[in-house]
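Structure first, then comments.
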Amino acid sequence: MDDVLQNIMDHAVAVAREAGQVVREALCDEKQRDVMTKSSTVDLVTQTDQRVEHLIIQSVKKKFPTHRFIGEESVAAGEACVLTDDPTWIIDPIDGTTNFVHSFPFVAVSIGFSVDKKIQFGVVYSCLEDKMFTARRGKGAFCNGEPLQVSDQEDVRRSIIATEFGSNRETETVEKIFSSLRNILNIPVHGVRGAGTAAVNMCLVASGCVEAYYEVGVHVWDVAAGSVIVEEAGGVLMDVEGGPVDLMSRRIVAANNGTVAHRIVKEIDAFSPTRDDAPPTQ
Ligand code: LIP
């Protein structure tokens, strides 16, 4: 299994790099950044998101025809978002689509790989930075081959916390997002940052640049790869109310240690978006 899994991960790295090249080329062509919308007027998608996801899936199918897929744009097109025990690729072709549309320089190809419903490896290619973040369960986390280690900071008042505002603009949701942000800021923390992509935010935690990232409203494809990268860099994952993380719940805290994680959980005004694996509404 060891060599088989490594062979699969090597393909994930290669196809992520190939996809990143497509994203960089598309950035130079306005047409390839033409905006369409999904769940709201600010939940953006482009033909490049769809093209990159197709490239990744077709490439994998050729080598691993029995594998299954959960892809952001495939789910948006109506495919089920159901995680089984089967080998499954969990793909966000462009994490940070809004950044991509605006040429804001944090755009990542995110690929997680699950067997028996457990993420076995993650690949996040921050393609404008040319940073390939990788982690395989039990084998450590790396950026361009250099080992990653979370921050050793235990005091949240000496921390930077990352979060995002998401793409839901309903009044009640926005109120909760700002309530959490206000509470975190008033701890006080050194600062709050957001790269505009969950996957890059999680890699910043794994790199020790920020102590924690939290968000309510993300999807499994945003966080699957980053989850194992954070854990293999020595970090922890948690639900926003302190229990075990559930990658389908659309709620996550990724932190350098349990002390910081539990402290920010106290400040989060939690809510429960519709789960990624919820049965489709009639
Ligand atoms: C994005 C996430 C981000 C979230 C955005 C969006 P996308 O993913 O990475 O954390 O706040 O609303 O979901 O849509 O760019 O792949």
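Positions of Cβ are set from backbone N, Cα and C atoms, glycine also.
Per TrEMBL, Mg(2+) binding site is recorded for GLU72, ASP92, ILE94, ASP95, ASP222. A sphere of 10 angstroms centred on the C-beta of ILE94 (Mg(2+) binding site) encloses 31 other C-beta atoms.
In sequence order, VAL107, ALA108, VAL109, SER110, VAL124, THR197, ALA198, ALA199, VAL200, TRP221, ASP222 are the residues near ASP95 (Mg(2+) binding site), counting only same-chain partners six or more apart with C-beta under 8 A. In this view, the densest Cβ surroundings among the binding-site residues GLU72, ASP92, ASP222 belong to ASP92, judged by other Cβ atoms lying within 10 Å. One way to see the shell of the Mg(2+) site is to take the Cβ centroid of GLU72, ASP92, ILE94, ASP95, ASP222; the remaining same-chain residues with a Cβ within 8 Å of it are ASP49, ILE91, PRO93, GLY96, THR97, ALA108, SER110, THR197, ALA198, ALA199, HIS219, TRP221.
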